[in-house]
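Working notes, structure below.
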Amino acid sequence: MGQSSQPHELGGGLKSRHVTMLSIAGVIGASLFVGSSVAIAEAGPAVLLAYLFAGLLVVMIMRMLAEMAVATPDTGSFSTYADKAIGRWAGYTIGWLYWWFWVLVIPLEANIAAMILHSWVPGIPIWLFSLVITLALTGSNLLSVKNYGEFEFWLALCKVIAILAFIFLGAVAISGFYPYAEVSGISRLWDSGGFMPNGFGAVLSAMLITMFSFMGAEIVTIAAAESDTPEKHIVRATNSVIWRISIFYLCSIFVVVALIPWNMPGLKAVGSYRSVLELLNIPHAKLIMDCVILLSVTSCLNSALYTASRMLYSLSRRGDAPAVMGKINRSKTPYVAVLLSTGAAFLTVVVNYYAPAKVFKFLIDSSGAIALLVYLVIAVSQLRMRKILRAEGSEIRLRMWLYPWLTWLVIGFITFVLVVMLFRPAQQLEVISTGLLAIGIICTVPIMARWKKLVLWQKTPVHNTR
């Protein structure tokens, strides 16, 4: 691919409808459909509190991130802001951790999609489906950011329609007007051991499970930097995040726990949404949910490729990754970053097949606490960035509520959750693995500093990498 004459300027090909739909569906992760049954089995109907707490945390984090992103829109998003507010080492570390998170998402989501397709066409092996899906989406991302936006627009629209239809059917059933099944009311919320059958500890445990579902809400601040009016889109996405979480998560999960017993045998294996459809005697419930999950994981895979490549591009532009990763093609797409991110994802698949199981388990576990670590860095960055922006005389057009007290509360809450995870056997290895990976990245700072002759331990100005 030929290089652009302006090798460090990304295109602004995302249209308003692309960014709008991305902001609406960006909070709808595939794990809402795949993993919600695990959280429900853990906490019972009180899983609603788990989603509420996790949702409130995301609302706070998005508000903090938006304050910084509106002031200085940047493809590197929170990594760039950590660079300026905390220090080069912080932006460097969290940028690479975030890139690694999405690199791991690529093969995991591709495998889920491939398994669904394999169940439809058993003659084609799973690995071939996975390869074809990944290469097809990589090719789409290489062409232009407009391709990513257009593809994601339709995938996101399908997710939104599916969830709204599910909520509508559930509401009709709860109201007692559904003619094809004898279900009504919300007694399931308390008739199987009460609303909180396993105690508040189970609610906290379920919240840790649900946190992964929300990862991706921040992508809109990365994508908006490639639109014509990033500030407008970021403000709109931030102001609407409350109703998006309320509708897509709280309302849909309420329908689930109101209609089916939380301790129903086989709930984890069948899935919560499919269980509701089967209860309502919807024909081909499994096929319907397979289609919805396939669309969702494809959307997530598409976004993973986009996000990983943009973070790698931003790291390169700031001197925190080799300069070759900042090259773009004629359509102003960071093609080297896209290819290297896909290559790294394929490498993890090779490790899965040929390395000892413990090695691959460490790689997967190392991404477990990255979401919370990213949120913690965003909160600390916003706490310090407000003062920096004021000192520079920059206009702060969107403000975090009750600054700095609410920011400190969020920092304290995230720290508390990480400590709790450290002492819970189910999440202990994730925190330790993520911590070891972060320490390993930090240890490369002196090497990068010597190689690039940079002072990575100082705060530096934000350089827009659009």
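Yeah, the Cβs are placed from backbone N, Cα and C, and that goes for glycine too.
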D191 vs R424, membrane side identical per Swiss-Prot: yes
Summary of DSSP states over the topological domain 'Periplasmic' (424-428), given as helix, strand and coil counts: 4 helix, 0 strand, 1 coil
Beyond the flanks of the transmembrane segment (119-139) by at least 6 residues, Cβ under 8 Å: 106-107, 110-111, 113, 151, 290, 298, 301-302, 305, 338-339, 342, 345-346, 349
When counting Cβ pairs under 8 Å to the transmembrane segment (335-355), the leader among 97-117, 154-174, 200-220, 247-267, 287-307: 97-117
Residues in the topological domain 'Periplasmic' (175-199) grouped by DSSP into helix, strand and remaining coil: 4 helix, 0 strand, 21 coil
